[in-house]
Structure formats: C-alpha cells, structure tokens
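K.L.:
The following feature annotations were taken from Swiss-Prot:
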type	residues	note
BINDING	LEU20, ASN27, LYS156	xanthine binding site
BINDING	ALA128, ASN129, GLY130, GLN131, ALA132	5-phospho-alpha-D-ribose 1-diphosphate binding site
Amino acid sequence: MEQLKRKIREHGSVLSEQVLKVDAFLNHQVDPQLMRQIGQEFARRFRDQEIDKVITLETSGIAPALMTALELDVPLVFARKHRSLTLTDDLLTARVYSFTKQVESTVAISASHLAAGERILIVDDFLANGQAALGLAAIVRQAGARLVGIGIVIEKSFQPGRRALEEQGYRVESLARIASLAGSQVSFVE
C-alpha cells in the first residue's frame with residue numbers, strides 16, 4: 001500500500017535494526033484518513049471471506065481494526081490486556097509476548113462476544129514474531145470460531161512472524177512489508 005509506505009518513510013523513525021517507531025500516525029497519534037484507507041484495503045482483500053467479526057488487541061490495533069470492521073459492516077472485538085471490573089466471567093484467554101514491550105501478558109475476550117462457527121478476521125498494527133496473532137488465534141479456537149485471515153498494517157519480514165502464522169495454515173495479508181531497518185533506513189519487500 002503506497003500511501004502507508006510513504007507515511008512510514010516520511011514520519012517513521014528507526015530506533016534500532018529491530019524497532020520502527022510510527023507513533024506519529026499509527027500507535028500514539030492516529031491519522032484518520034490513513035486509517036480509513038487501511039480499513040478499505042483490508043476490506044477489499046478479505047471481502048470474499050464473509051467475515052462475521054474483526055478482532056484485535058488493545059490498544060494499537062484498535063484504529064485499523066475499527067476502520068476495517070466499519071468497511072466490512074461487522075462488529076469489532078478487542079482483546080483486553082488488563083482485567084477490569086466489567087471483564088469477569090466466561091473469558092477466553094491466551095498468553096501473549098510483546099516484542100516491543102518485552103513483556104508477557106494474558107489477553108482476554110468475553111466468551112459472549114465470539115460464537116462457535118463465526119468467521120473471524122484478525123487485524124493488528126505490527127507483525128514481528130507472531131505472538132500476538134497466535135494468541136488471538138488461540139482465543140478464536142477456544143470459541144469454536146473460524147479464523148479466516150490475518151491483516152497486518154506493518155510486517156517486519158526479517159522476523160519470523162509470517163512464517164509462524166503460515167505454518168499454522170493462516171492467510172496473512174500485510175499492507176507494508178519491511179525487509180530491513182539496517183543503517184537506520186527502512187527498506188521494503190518489493
């Protein structure tokens with residue numbers, strides 16, 4: 001997706017050979033026009049899958065996932081990383097390791113929000129090692145629902161996430177695939 005690549009080049013910041021900072025438009029300050037385009041593109045790529053719901057992880061996945069759900073005219077459900085007073089009984093949970101934050105947490109979705117047989121699309125901001133998507137996939141399985149695809153805004157293709165997901169048989173669609181962050185330069189998979 002050329003608009004996204006342009007935004008990454010112009011407003012992204014390479015912090016190391018492993019970390020790309022995109023808080024100017026994706027995961028702190030959000031560019032609503034870009035999110036609309038991202039939602040439209042994911043909807044175009046997955047429209048044939050007859051999706052019932054979009055799921056993501058709080059917080060950074062919410063903006064692109066919401067716009068995708070809006071375009072597909074389906075509900076969005078986001079997994080919570082922290083329990084609240086209202087998130088109590090009948091939880092579907094998975095352990096997820098965050099590459100960026102270097103912490104493991106338990107994420108949860110209320111069982112009442114995912115039903116057996118529903119067709120689910122995961123949308124997330126980044127793909128590195130694939131742990132977030134694998135955790136969400138485990139929650140989908142617990143619900144007896146069917147994961148029909150995974151939409152990733154930015155994939156770090158030099159990390160093993162895509163391979164881990166594809167080995168499980170999941171369809172992965174990434175809007176920007178980064179080949180390298182070496183030398184503080186972003187290079188894309190062409």
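Just so it is clear, glycine is given a Cβ too, placed from its N, Cα and C backbone atoms.
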K.L.:
These are the binding-site residues: LEU20, ALA128, ALA132. Which one scores highest on other Cβ atoms within 10 Å?
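P.N.:
Compared across LEU20, ALA128, ALA132, the most Cβ atoms within 10 Å surround ALA132.
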K.L.:
Report the residues of the chain - excluding ALA128, ASN129, GLY130, GLN131, ALA132 - with C-beta within 8 Å of the mean position of the site's C-beta atoms, for the recorded 5-phospho-alpha-D-ribose 1-diphosphate site, in sequence order.
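P.N.:
Here the nearby residues are TYR97, PHE99, LEU127, ALA133, LEU134, GLN159, GLY161, ALA164.
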K.L.:
Could you round the CA separation between ASN27 (xanthine binding site) and GLN131 (5-phospho-alpha-D-ribose 1-diphosphate binding site) to a whole angstrom and send it over?
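P.N.:
About 18 Å separate the Cα atoms of these two residues.
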